[in-house]
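Taking it in order: structure first as structure tokens, then the write-up.
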Amino acid sequence: MNKRAMLGAIGLAFGLLAAPIGASAKGESIVWNEQWKTPSFVSGSLLNGGEQALEELVYQYVDRENGTFRLGGRARDRLALIGKQTDELGHTVMRFEQRHHGIPVYGTMLAAHVKDGELIALSGSLIPNLDGQPRLKKAKTVTVQQAEAIAEQDVTETVTKERPTTENGERTRLVIYPTDGTARLAYEVNVRFLTPVPGNWVYIIDATDGAILNKFNQIDSRQPGGGQPVAGASTVGVGRGVLGDQKYINTTYSSYYGYYYLQDNTRGSGIFTYDGRNRTVLPGSLWTDGDNQFTASYDAAAVDAHYYAGVVYDYYKNVHGRLSYDGSNAAIRSTVHYGRGYNNAFWNGSQMVYGDGDGQTFLPFSGGIDVVGHELTHAVTDYTAGLVYQNESGAINEAMSDIFGTLVEFYANRNPDWEIGEDIYTPGVAGDALRSMSDPAKYGDPDHYSKRYTGTQDNGGVHTNSGIINKAAYLLSQGGVHYGVSVNGIGRDKMGKIFYRALVYYLTPTSNFSQLRAACVQAAADLYGSTSQEVNSVKQAFNAVGVY
């Protein structure tokens with residue numbers, strides 16, 4: 001939740017420009033990836049398959065359109081089915097990973113939608129003509145151990161200034177990495193650590209010469225959670241939050257230990273809140289109290305983290321039918337009092353982590369309901385689109401968290417507004433916030449694609465360019481005139497349903513802004529009809545911020 005991320009990053013491999021939506025001779029709506037000259041979103045009546053397996057529809061369509069996709073071989077040999085589900089509208093949604101001789105192609109995924117036996121949409125970019133890539137013919141000369149050593153040494157020299165204590169070792173896999181119109185054999189190395197500063201770095205190391213092709217910090221990759229639940233009776237305690245407001249919270253009483261614990265057994269697999277005790281070891285100790293009265297000042301951050309995690313769970317369940325962040329009722333774990341004066345909050349892949357702030361720039365981060373909603377939405381994104389935390393896909397990742405963090409705030413009706421982090425940012429300055437969805441320029445963020453940040457700081461502007469999508473979401477909900485474009489608002493509820501459907505069922509790891517527009521248009525058509533006002537409003541909202 002930094003106002004500006006301080007870490008730079010090399011540009012992501014995928015071309016982020018896409019041509020405006022067009023129509024093929026067959027009546028299909030197509031968005032093109034400008035760099036690779038391949039479709040990144042196709043919708044329409046693509047192919048009817050009768051009684052055959054649904055994945056065969058996708059293989060047949062891609063093979064039929066081989067002149068467009070140019071995979072250089074049979075689709076079934078190049079696309080591996082990695083997931084299949086039925087959504088709320090009865091569509092079958094399948095996700096495929098592109099592979100080359102069995103090696104995954106970094107960042108590629110194809111999401112396919114089948115309705116009543118007919119293929120109606122494909123989203124995601126594929127890399128063409130890999131057989132003709134000369135760099136892929138070079139022999140692998142770098143070992144896994146050497147790649148990991150290169151990444152850790154670079155972290156030491158450029159990030160931590162001392163050798164970090166890594167967690168669970170490094171995770172490394174061999175990939176095909178597309179970059180600058182070419183593709184290379186590379187290692188994807190994940191280096192995770194909590195000290196001396198938290199980091200979750202992704203490195204792309206050329207497997208033929210050891211060069212660092214890309215690197216970025218992404219604090220949301222998988223790592224195991226810790227801490228054990230207690231057996232006992234569900235109870236209701238009372239506490240005071242960071243802002244001094246009283247809250248009733250679900251707790252557990254253990255007669256064996258004689259304590260009350262911040263363990264909520266009423267939601268999914270439980271909500272657990274831990275005391276980090278100003279250290280940097282996770283998860284810490286399950287929060288305890290002797291009388292079920294969590295009213296001490298030290299309790300405040302834990303009270304809010306626990307209570308607001310329950311609100312976020314309820315929002316996703318009651319509004320979107322989603323059971324916890326993974327859709328399967330995963331336990332929600334939060335640690336407060338992480339480090340000393342730590343000015344951040346993050347999702348680490350298995351749990352939430354909240355710093356106390358320094359008291360001047362930030363209050364304890366769990367005191368902002370939109371902050372809690374924001375960070376837990378990163379977990380939802382982690383389990384759905386998996387948006388790469390860099391450049392436009394990273395800005396979409398951040399915008400989704402802002403959008404749903406704000407919608408959670410409205411759901412709870414706790415002084416809701418369109419500002420982000422206003423409750424915990426600069427407590428001595430009235431009316432200040434981290435970002436604004438209604439007026440991104442208020443805090444120096446762009447509100448139109450023509451004003452986007454194009455540098456490498458902040459992972460390519462993930463916290464900056466999110467303002468463009470935030471403004472589109474605000475306009476879609478509330479309506480208005482922006483840069484001379486009139487938008488008819490459809491309300492928060494419909495806006496949220498459209499963005500949720502786009503996130504969960506259409507976006508893929510390297511989706512850019514144009515693909516997000518296409519995904520939202522298709523989501524609105526799915527929900528409200530292709531000729532509906534909602535579809536028109538989505539188009540108006542993205543037109544208003546210059547995204548086509």
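Using N, Cα and C of the backbone, Cβ positions are placed for all residues, glycine too.
Per Swiss-Prot, the candidate among E392, E398 that belongs to the Zn(2+) site alongside H374, H378 is E398. Cross-referencing D358, D370, D382, D458 against the Ca(2+) 2 binding annotation in Swiss-Prot, which names E409, D417, E419, E422, picks out D370. Within the same chain, residues at least 6 positions away in sequence whose Cβ sits under 8 Å from that of E422 (Ca(2+) 2 binding site) are G368, D370, G431, D432, A433, L434. For H463 (active site, proton donor), the nearest neighbour among the listed binding-site residues (D289, N415, E419, T426), judged by C-alpha distance, is E419. One residue stands out among the recorded positions H374, H378, H463 for having the most other Cβ atoms within 10 Å of its Cβ: H374. When the binding-site residues D289, D291, E409, N415 are compared by Cα distance to H378 (Zn(2+) binding site), the shortest distance belongs to E409.
Here the C-alpha separation of H374 (Zn(2+) binding site) and E409 (Ca(2+) 2 binding site) works out to 10 Å.
Here the CA atom of N415 (Ca(2+) 3 binding site) lies 25 Å from the CA atom of Q293 (Ca(2+) 1 binding site).
When the recorded positions D289, D291, E375, Y425, T426 are compared by Cα distance to N415 (Ca(2+) 3 binding site), the shortest distance belongs to Y425. T426 (Ca(2+) 4 binding site) and D291 (Ca(2+) 1 binding site) are 33 Å apart (CA-CA, integer value).
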